[in-house]
Amino acid sequence: MKNKVLMAILAVVIAGLIAVPWIASYFYVFIFTEILVLGLFAASFNLIFGYTGMLSFGHAAFFGIGSYATALVLIHLQWSFLACLLVSMGASALLALVIGFLSVRLNEVYFAMLTLAFGMMVFAIAYQWRSLTNGSDGLAGFTLGSFGLGLDLTLGNPLVYYHVVLGIVVIASIVLYLICRSSFGMILKAIRQNPERVSFAGLNVRTYRLVAFIIAGTFAGLAGGLMAPFLRVASPELLHWSMSAEPILMAILGGTGYFLGPFIGSAAFVLLETWITTYTESWMLVLGIILAMMVIFFRKGLLGTAIDWWMEVKK
Amino acid sequence: MKKTHIKNFLVAMTATAALGTASTGYAEDPIRIGGLYILSGSAATYGEFAQKGIDLAVDEINDSGGILGRQIEMIYEDTQGKASVAIQAARKLVYSEGADALVGLDSSGVAQGMVPTMPELQKPLIITHAATPDVTGKLCNPFTYRISVNVAQNMKAAAMVAAETDATNWTTIGPDYAFGHQSWEFFGNYLKEINPDVNLMSETNFPRFGAEDFTPFIDRVMDSDAEGVLISVWGGDLVNFIRQANNRGFFEQDLELMFTVGAATEVLTALGDEMPEGVHLSTRYWYEAYDNDINDRFVKSYIDAYGNPPSYNAEGAYAAIYAYKQAMEAAGNTDGPAVAKALSGMSMEAPNGTVTFRKGDNQAMVSPNWGISGPMHAEHGIRTLTSLQIFDGEKVARTIDETGCKL
């Protein structure tokens, strides 16, 4: 019964998202594009954070590499959009393999510090390799070509781009969700709760952590590949450690214990930023207060708290 | 929590929907102009000076009946000096706040990212500060104009000044982004053209924009064979740079120093007599360089209002509002494409003389100013400029073929 209600709510939300261009003002098309892309970024992060219990401070490296890969392919090769996204995912998967191989052997704060260090290294490379990445200015001025698969879509039109992003994010989320629900996902959860026990059961914890890290990196790369054509620029800020903090904040804000939590967190984050910056430049102060309140009083995040409340009332 | 969210969302949605319709609506509604400047961080004074110039122009225009009988309303957004932030802010200004036109941009890096998106917005943008040649060159489009001097114009003038000195070994200290690199590239090319004997050193210095510590770069230049240095560090960075260079004895060395944006009054005011005498300083507009009624009035009302002389950034921003007034009156409406079209080839009177937006690349033909820092100004508390040279904006500009712009 409850599952049916949840499914119905989800269907209504997706229908609402499809209808955004017709029910909200034009500006919200941009806002919701950003929410979806950052939501996918945060959801990919939550696979290693919420499910596997690894706090990475370098997740923006994969997001940024995805952005740069798409931008570079669009500038130099003008491949179709889908091909760009595949390149983004491939590049970030490869990077995640390298960084993950060196990082997953460590735990907790050491893992966090190591991922932070690798993230900053990638940032430094993008910042200094002017001939390839155009340094601190980033890559801009690329045009969007065809979508691929023979579909005739004008990606330069923000409305079209929004629906493309919505479609890709929904498909990617379903795939990510199936991974989380699979036996593989169950083992990740078990690793978070008790890695020794999983290890005693004869499973190689490090391999599972590495595979989770690569999957998360790949989906972050996909999100990055969607971000560059939206922003029309791939700049080093997308790789900066402060960008790595965003999925952490979003996951905590929305709730790390639920698959859709990071999406709710992304929506709250972007909408609050948009509304608050209209009144004051210091929106980070407001966000800080909200986050502190969340962590102290609503540890399960917006979604977790809402579901708990609903379960309580409708018992 | 959840409930108020939805409520806020609905309120915001209705409000933005209402604004959306208002912008295309009635004559008595104000004309909205969106301003995109750096309003936080080490270069924030530039955004503030631009706002001061704009406020002055808006007050003057509104007091004398507005544009097409409508008042002007300014809405500002902070670009934070980042292209991605600026692009989002421009979308917000146009689609959410109903801006009819845009002015602004301090950073070349931001301009390179944002300018290619202007045709989508279908609103004109007048750049009042960012100097990268590309936006009125290979990235040009029918919606983007620039009222301020660009790097190519200023560096051609710089090369002419440099060619008069005895220095043959030249190097640079500039911010590590488009502006610093392009300044050196254009300066070097023009200087080589005038004087093929000069040596452009391969050791160049590009500190990060916003770097606090410039001493390693200062020391490196002092230890080298450089005889001339092109310094394109600007804003708060330049203030820090000069103070650190004073401590290092940089100015006691026998070097020809050329500060490409050194005569910005933001910087001169902050430094006072810490700015050394006898160095070459440039600016896109020097308030004492132009003898005309508009400039006299502008300088007087600016000093009356804010207590210090106007900077080039204030002047560019001030003139841009008047450019929109003239273009909107010529177009007869505030329709984006129509106003953009009216700007093309338009001539106007500004504090720095007659300004023409050249057909072909949309770059205004405005004059770079170069001078040598002199004694302190008795009233304004800043260095004066001696041996002032006002270069002809058209003569120092690239030809349209050279810009690579195809409109």
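One is the number of the first residue shown, and numbering goes on along the chain from there.
Every residue gets a Cβ built from N, Cα and C, even glycine.
Per TrEMBL, the features are as follows:
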type     : residues  : note
TRANSMEM : A:5-24    : transmembrane segment
TRANSMEM : A:30-49   : transmembrane segment
TRANSMEM : A:56-74   : transmembrane segment
TRANSMEM : A:80-102  : transmembrane segment
TRANSMEM : A:109-129 : transmembrane segment
TRANSMEM : A:159-179 : transmembrane segment
TRANSMEM : A:207-228 : transmembrane segment
TRANSMEM : A:248-272 : transmembrane segment
TRANSMEM : A:284-307 : transmembrane segment
In the same chain, which residue numbers or ranges, 6 or more beyond the ends of the transmembrane segment (A:207-228), come under 8 angstroms Cβ to Cβ?
37-38, 40-41, 43-45, 47-48, 51-52, 54, 56, 59, 62-71, 74, 84-85, 87-93, 95-97, 99-101, 103-104, 139, 165, 168-169, 172, 176, 179, 184, 187-188, 191, 198, 234, 238
Spatial neighbours of the transmembrane segment (A:5-24) far in sequence, C-beta under 8 Å, 6+ residues away:
32, 36, 159, 162-163, 166, 170
I need to check the long-range neighbours of the transmembrane segment (A:109-129): which residues 6 or more away from its ends have a CB within less than 8 Å of a CB in the stretch?
54-61, 64-65, 68, 95, 99, 102-103, 135-136, 236, 239-241, 244
Going along the chain, which residues at least six beyond the ends of the transmembrane segment (A:56-74) come within the CB cut-off of under 8 Å?
41, 44-45, 48-49, 83-85, 87-92, 95-96, 99, 103, 111-113, 115-120, 122-123, 126, 132-133, 139, 142-145, 213, 216-218, 220-225, 227-229, 231, 233-234, 236, 238-241, 243-248
Between A:80-102, A:159-179, A:248-272, A:284-307, who has the most Cβ pairs under 8 Å to the transmembrane segment (A:30-49)?
A:248-272
Between the stretches A:80-102, A:159-179, A:284-307, which wins on the count of C-beta pairs under 8 angstroms to the transmembrane segment (A:248-272)?
A:284-307
Would you kindly list the residues that approach the transmembrane segment (A:284-307) from elsewhere in its chain, counting only those six or more residues past its ends and only Cβ-Cβ distances under 8 Å?
249, 251-258, 260-261, 264-265, 268-269, 272-273, 276
